[in-house]
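Chemist: Questions regarding the structure given below will be posed in turn.
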């Protein structure tokens, strides 16, 4: 009996895709710290993280409901709860909707209405626009659909300030440009899975050379965008962004050259290291804010 209950609980947890949520929440804290230069109340941070977790869990759960048919086809996703019938589809839908409503009400109560509305917008965009419209129709699915994954920085900033500014927009764009290289590198490895499921990911419909060229272009856009925040951040962020950006661009160029040269291609290496890149850059931003270091802009003025 206990084993069955535990299995059911784990199935519902798996619906939320916790590993995906982890990285998204990593971006929320630095955005909040930057918004008030490290003076944010810890209770507000924890409340925003909890509300953001519920919102992301809602979006991921509803995504699993819509994608249950293709999850059964793809080897990478065949063990997801709905793909193996561990959770009834109707229960998963109610679970996802309940989390979504709870996240809105929680953030409205603990932060402000703007933060709550941004979470609702994120859930709606991810499920209705990305999952139901873009994902199975165009190779640009992850380009525009990835905007949902950029929203935690907007939620975090608005939870502190009750408004939006250019800084969270820059952070939004960093994640926006980061998403295609991150996702396409994974899709290169699981190309046959996506092809079998009828999902037109770029690696499915284009040559590896074209894919790696696009990865390279988006990587450059990501690094250049990250540098535009340097005047509003401190020297730690500036140094970390320069080093991490150069390192990531080197890996992207290596992947492109290996494809052009006919060498063994290892896209998963770029996929895994892209997680490290994003984490390092945002941690650098958080350290700057917590230490209360002078911004680069003030040092140069």
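Each residue's number is its place along the chain shown, starting with 1.
Note: Cβ is positioned from N, Cα and C throughout, glycine not excepted.
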Chemist: Can you identify, from 190-210, 211-231, the stretch that Swiss-Prot calls transmembrane segment?
Modeler: 211-231
Chemist: Quick check for me: are there 3+ Cβ pairs below 8 Å between the transmembrane segment (42-62) and the transmembrane segment (168-188), leaving out pairs under 6 residues apart?
Modeler: no
Chemist: Tally Cβ pairs under 8 Å between the transmembrane segment (89-109) and each listed stretch (9-29, 142-162, 168-188, 211-231, 232-252), then give the stretch with the top tally.
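Modeler: Between the stretches 9-29, 142-162, 168-188, 211-231, 232-252, 9-29 has the largest tally.
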Chemist: With a Cβ cut-off under 8 Å, give me the same-chain residues at least six positions beyond the ends of the transmembrane segment (142-162) that come close to it.
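Modeler: Sequence-remote neighbours of the transmembrane segment (142-162) are 24-25, 27-32, 34-36, 40, 44, 47-48, 51-52, 55-56, 59, 107, 111-112, 114-115, 118-119, 121-122, 125-126, 129-131, 134-135, 168, 171-173, 175-176, 179-180, 183-184, 201.
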